[in-house]
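Okay, so here's the structure we're looking at.
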Amino acid sequence: MLTSFLHLLMITRYWIAFIVVLSCLLGVLDASAGDADPRYRACVKKCEETGCIGQRCFPQCKFSSEGVSIEGPWYMQEPLYLRWKQWDCQSDCRYNCMLDREEEREASGNGPVKYHGKWPFKRVYGIQEPLSVAFSALNLAMHFHGWLSFFILLYYKLPLKQEKKAYYEYASLWHIYGLLSLNSWFWSAVFHSRDVDLTEKLDYSSAVALLGYSLILAILRSFNVRNEAARVMVTAPLLAFVTTHILYLNFYTLDYGWNMKVCVVMVVAQLLLWAIWAGVTHHPSRWKLWVVVVAGALAMLLEIYDFPPYQGFLDAHALWHATTIPLTYIWWSFIRDDAEFLSSNLLKKTK
C-alpha cells in the first residue's frame with residue numbers, strides 16, 4: 001500500500017513539474033515579427049492601393065481609375081460556396097509580399113519569421129496549410145472509425161438489456177464524445193484550409209468544447225461516477241466554465257494566450273487523472289491508457305516547441321496533428337475494451 005502511494009506521489013510530482021515547464025514556455029512565446037517589418041508593410045500597402053506587386057497583378061484587386069475598390073453589387077458576386085477557396089485582395093497581397101520578403105531574408109541568411117501570428121506556409125490549390133488539413137481529415141476518419149466500431153460492439157456484439165440498452169454505463173457519454181470529436185476535427189480541417197474570422201472561431205470553440213467534455217469524462221470514468229445526481233454535480237460547474245470561455249472568445253475577445261493556457265490546463269488535468277487511474281486500476285487494457293497518456297503528453301510539447309514549416313509545409317502544429325492519428329486508434333481501442341470489461345462484470349453480477 002505504501003509503495004503504491006509513493007508511486008502515485010512521484011507521478012503527481014512529475015506532472016506538476018510538467019505543468020510548470022509548460023507555463024514557463026507559454027510565457028516566452030514570440031509574437032509575430034514579420035508583419036512589423038517595414039518592407040513587408042510597405043509592400044502590402046502598395047499592393048492594396050494598386051492591386052499589383054511588380055509585374056504581378058491580382059484579379060481579386062479591382063480598382064477604378066480613382067483607386068476605389070470595385071466589388072460590384074452582392075447579386076453580381078459569386079456565391080460563398082464557390083468563393084471560399086479564393087482569396088481576397090488583402091490576403092493575396094499579404095501572401096505574395098510574405099513570400100517575396102522571405103526570399104529576401106533567406107538570401108541574406110536570415111530564418112523565417114511569423115506573419116500575423118502564422119508561419120509562412122505555401123498554398124496548394126488555394127489551401128493554406130495542406131498538411132494540417134490532410135492530418136485533420138485523417139483524425140476525423142479515425143474518430144469516425146473508432147466511434148462506429150464502438151457503436152457496433154455495443155449494440156450488435158455485446159449482450160443488451162431487455163429494453164435494448166447497453167450494459168455499459170458510460171455508453172451515452174462516449175457517443176457524445178465521438179460526435180464532439182468529429183465536429184472538432186471537421187472545423188480544424190476547414191480552418192487550416194482557409195483562415196478567416198468565422199472558421200477560426202469555430203475551430204477554437206469546437207476544440208475547447210471537446211477538451212472540456214473530455215475532462216468531464218476523465219473525472220466520471222476515473223472516479224467511477226455512476227449516480228446521475230453525482231454526474232450532474234460534477235458536470236455542471238465545468239460545463240458552465242467551458243460555455244463561458246467559448247462565449248468570451250466569440251463575443252468579447254479572441255485572446256490566444258489565455259485560450260492556450262485554458263486548453264493546456266484542461267489537457268494536463270485529464271492526462272493526470274488518467275495517469276493516476278492507470279497506476280491504481282487493474283483494468284486489463286491499462287497499458288493502452290499509459291501509451292495514450294505518455295505519448296499525448298510528449299505530443300503536447302510540439303504545440304509549445306514551435307518551429308518554422310519545413311519547405312513551407314510541415315511545422316510543429318501539423319506534426320502534432322500527425323501524432324494524434326495513431327493515438328486516436330489506440331484510444332478508441334481502449335474505450336471498446338472498457339465497454340467489454342465493465343459489461344462482463346455487470347453480467348457476472350446479475351447471474
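Every residue number used here counts from 1 along the chain in the order it is shown.
Cβ from N, Cα, C; glycine included.
A quick note: this is a predicted structure, and the numbers were derived from the prediction, not measured.
Taken verbatim from TrEMBL:
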type	residues	note
SIGNAL	1-31	signal peptide
TRANSMEM	133-156	transmembrane segment
TRANSMEM	168-190	transmembrane segment
TRANSMEM	202-220	transmembrane segment
TRANSMEM	232-252	transmembrane segment
TRANSMEM	258-280	transmembrane segment
TRANSMEM	287-305	transmembrane segment
TRANSMEM	317-335	transmembrane segment
Spatial neighbours of the transmembrane segment (168-190) not adjacent in sequence (6+ beyond its ends, CB under 8 Å) are 132-133, 136-137, 139-140, 143-144, 146-147, 150-151, 154, 158, 199, 202-203, 206-207, 209-210, 213-214, 217, 220-221, 226, 321, 335, 338-339, 342-343, 346
Sort out the residues at least 6 away from either end of the transmembrane segment (287-305), same chain, that have Cβ-Cβ distances under 8 Å to it, and list them. 18, 22, 25-26, 264, 267-268, 271, 274-275, 277-278, 316-317, 319-320, 323-324, 327, 330-331, 333-334, 337
Residue list, the transmembrane segment (317-335) vs rest of chain: Cβ under 8 Å, 6 or more residues beyond ends. 129, 131-132, 135-136, 138-139, 142-143, 145-147, 149-150, 174, 188, 285, 288-289, 291-292, 295-296, 299-300, 302-303, 306, 309
